[in-house]
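As structure tokens, the structure follows; a few thoughts come after it.
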């Protein structure tokens, strides 16, 4: 027909309008895809040339071009990014000499789209830091013609199977450009496309835009109607003034004619011309004055009219500027409202997460309190077991002593066996019987002792685990109380900084202190460096103390002073006492008030007091 066409070189006989067929032929002919054969590209280029040069006169002669409705075939309730924006992906990129990823400029691609009839305003490539992402956004005009161009742009790529569905259809390697119109899902995506669209555009429907445009037109019509009414009112006033002036002028002219007639009648026939002129001259002078005053009145009226007209024009321009400013403010308020709604949603999610976290923290605190109470009870049980074990150990030692005494008695009885064998045998049997009973009691005590030892080790392990949990819990509590967590074997930077401030300025001193502190931390981790010496105490006992003659420590004391030396030697003693094998800093429960290692009971009591204080504050609130 005169309105629809098909492409003769494509196997799929899809129906096109004239302009769509031109865009299809031009797009396939200029395509860089490897799947398009040279013959197919050449055929489509020839078809495009034929359509542009040969078929246009024929089409125009057959049927006059009709104004196409840009909103025909559109879903008015579909959410589209506004201003109308297209998305182009899979743009070829390459590595530059400086290692960055670059691609073709947006202006070149914009010119290509203009040649194809899509008429974009600009093309913006999207950059990820300093690298080309292979993605660009195409910006169209904000009016309905821009929407028509954007839809034509999308339809052309969909006709070549390079639309959004084709891009996301599978995970195969794709060649060539893919493009579509940005919609709500693109605007809300977390990719670089979504970030750019949220900064530069908004989501609207066609029906909403039509309503906004109708409101703007209504405001403009109302404004122009008010101006027209004002001008008509002013025109009526001017007409009334002109009619009054005309009436007054008509009365003056009639009076002038009457005066002339009266003078002509009174003048004698023999009166000379000079005398007539002298008689009429005052009358003409009066008429000139009247005409001059009327002229001045007209000039004043016209000047006032021009002044009012200029004021109205300036007022109209001010109103137009205010209207533009109000539209900008309205768009900004709408954007801020959406941002505020998103922030409110995020706050609701965060509040729910915080409530869940508070509940989890409450459960963790309750579990920690229960663990502390269980450990306190287990410690008391362990203490009672230890007392019982000590008693049983005393019984065992007494039983062993009694067994030894029985064995000694048996030996004595054997030596006296020559005098009275029957008596000796009876005594020996009784002694053996008693000895076996004592040995069984001893075995029972040893089994019980072994059971208690295993139980003690298990309880001790549980106490160590409880101590670790208590240390981990107190790490998260910032408190200035006497009981807390101290890092044993961790080097303090303050003495180094104070020593360096005496030599350098503040900035350089801080840098030097960090370097020197890091160097000594490496020295402390070295397992081959053991700056200790053994001294003999009373008896056969020996004790390890800091070797003051160690070269590194001597150099440190000479160069940095006593404060740094004391800090380093204190850390060395802590490592040697608490972690000699690992030689790294560990956390320890510490009694800051007395400067010693705190017991588990002290930590549990401190935690219970802290729990009761926190619970009391919550009850008061």
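Positions of Cβ are set from backbone N, Cα and C atoms, glycine also.
Because TrEMBL annotations are produced automatically, they should be read as predictions rather than curated entries.
Feature list (source: TrEMBL):
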type	residues	note
DOMAIN	7-48	domain 'Zinc finger-XS'
DOMAIN	77-188	domain 'XS'
COILED	309-458	coiled coil
DOMAIN	486-617	domain 'Factor of DNA methylation 1-5/IDN2'
DSSP helix/strand/coil residue counts for the domain 'Factor of DNA methylation 1-5/IDN2' (486-617): 73 helix, 21 strand, 38 coil
Long-range environment of the domain 'Zinc finger-XS' (7-48) - Cβ separation under 8 angstroms, sequence gap at least 6: 55, 59, 92, 112, 115-118, 152, 155-157, 159-160, 175-177
Residues of the domain 'XS' (77-188) by DSSP state, where helix covers H, G and I: 35 helix, 36 strand, 41 coil
